[in-house]
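Chemist: Take this structure, written in structure tokens, and hold onto it; I'll ask about it next.
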Amino acid sequence: MPSTLTDNYNRIHNYMRISITDRCNLRCTYCMPEEGMTFLPNEQLMTDEEIIQIVRVAAQLGIKKIRLTGGEPLLRPNVVSLVQELSQIEGIEDLALTTNGLLLAKMAADLKRAGLKRVNISMDSLKPERFKQMTRGGNLQRVLEAVERCTEVGLAPLKLNVVLMRGFNDDEWDDFIQYTIDHPITVRFIEYMPIGGRQQGWKRDYISLEERLKGSKWHEQAIPVDKPRHGGPAAYYRLPGAKGQFGLIHPVSDHFCDTCNRLRITADGYVKPCLYWSDEFHLRHHIGDDAKLAEVLIRSLEAKPFNHEMAYELSGQSLSHQPTTRTMSQIGG
């Protein structure tokens with residue numbers, strides 16, 4: 001068994017994102033339809049034991065960082081015990097989770113004790129009514145309470161993920177950056193991506209982050225800073241005297257595929273080598289056979305293209321592969 005997962009372009013993969021449920025207690029406009037969403041039957045979701053075995057094999061292949069996603073991962077029963085089991089796997093150096101934050105305040109301390117290192121919270125607006133509209137029912141105050149609680153228990157560095165959409169929340173750009181002045185957190189602006197058959201609405205709502213930064217009142221004051229540990233693909237900036245910082249993740253206007261180091265596991269046990277393309281390989285068929293699981297993970301990287309072609313959706317160019325039809329909530333982001 002090789003000790004590293006390397007694709008055809010010599011990219012070493014040490015990061016695995018695992019969707020532990022496709023269910024969510026919100027219906028964010030860019031992620032999931034308001035009605036008619038069909039969720040996986042419970043028997044099609046990976047069990048805790050299956051997730052643990054996959055991670056053990058992945059760790060032997062050089063995976064060092066695990067991020068639990070969804071859906072909303074905190075809806076999964078026994079998520080704290082799952083975190084505890086994963087945190088004890090040899091070779092796993094970093095265990096993180098992405099959440100909408102609604103259930104986080106009351107679970108933060110238990111998750112920290114179980115071995116969770118860090119949390120990313122999706123928070124696309126600082127305005128309560130707009131937040132409720134964009135999430136179709138979310139309570140901003142509960143998310144802000146979760147931010148404070150994570151700081152108290154030491155789930156840090158804390159990151160807020162903001163998917164920027166034209167005409168929805170792009171006017172809050174300056175407010176989010178100002179939020180970093182008094183709060184020791186990282187706000188990460190993320191370009192809206194054409195995932196899961198949303199190309200038509202996406203073209204209307206997409207906005208380039210570089211374009212938005214240049215139009216910001218903070219543009220001249222923003223100081224580029226070195227990428228922090230676990231900084232991911234973002235380019236980071238800080239305002240003079242600020243306690244926090246902000247980052248730009250631009251998968252469309254300036255993709256970072258040449259440094260991609262991640263694999264994604266869907267809630268029903270498929271490995272996706274690329275977020276955008278439809279290629280996926282079934283892992284659950286091979287539960288109980290470490291060698292076969294390793295073989296599937298290695299084979300998935302052989303099918304990984306050099307880059308996605310999200311920007312082609314803007315220009316109308318032909319795509320070289322078939323894009324995924326899974327929604328973001330089904331993939332795990």
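Heads up, the Cβ atoms here are built off N, Cα and C, so glycines get one too.
A TrEMBL annotation is a machine prediction, not a hand-curated record.
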Chemist: With the ranges 214-233, 314-333 to choose from, which does TrEMBL describe as region 'Disordered'?
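Modeler: Of the candidate stretches, TrEMBL labels 314-333 as region 'Disordered'.
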Chemist: For the GTP site, TrEMBL lists Arg67, Thr98, Lys159, Arg262, Leu263, Arg264; sort out which one of Arg17, Arg212 goes with them.
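Modeler: Among Arg17, Arg212, only Arg17 appears alongside Arg67, Thr98, Lys159, Arg262, Leu263, Arg264 as GTP-binding in TrEMBL.
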Chemist: Taking the Cβ of Cys257 ([4Fe-4S] cluster 2 binding site) as reference, which residues of that chain separated by at least 6 in sequence fall under 8 Å from it?
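Modeler: For Cys257 ([4Fe-4S] cluster 2 binding site), the qualifying residues are Phe306, Asn307, His308.
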Chemist: Listed GTP-binding residues Arg17, Arg67, Thr98, Lys159, Arg262, Leu263, Arg264 - what's their greatest C-alpha to C-alpha distance in Å?
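Modeler: The span, Cα to Cα at its widest, is 21 Å.
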Chemist: Quick one: which residues besides Cys257, Cys260, Cys274 have a Cβ within 8 Å of the [4Fe-4S] cluster 2 site's Cβ centroid, in sequence order?
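Modeler: After dropping the recorded site residues, what remains is Arg11, His255, Phe256, Arg262, Pro273, Leu275, Tyr276, Lys304, Pro305, Phe306, Asn307, His308.
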Chemist: Given the binding-site residues Arg17, Arg67, Arg264, which lie close to Cys274 ([4Fe-4S] cluster 2 binding site), meaning Cα to Cα within 10 A?
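Modeler: Among Arg17, Arg67, Arg264, the ones whose Cα sits within 10 Å of that of Cys274 ([4Fe-4S] cluster 2 binding site) are Arg264.
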Chemist: Note the mean pLDDT of the domain 'Radical SAM core' (8-226), expressed as a whole number.
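Modeler: Summing pLDDT over the domain 'Radical SAM core' (8-226) and dividing by its length gives 94.
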Chemist: According to DSSP, which kind of secondary structure is Cys260 ([4Fe-4S] cluster 2 binding site) found in, if we only use helix, strand and coil?
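Modeler: Its secondary structure by DSSP: coil.
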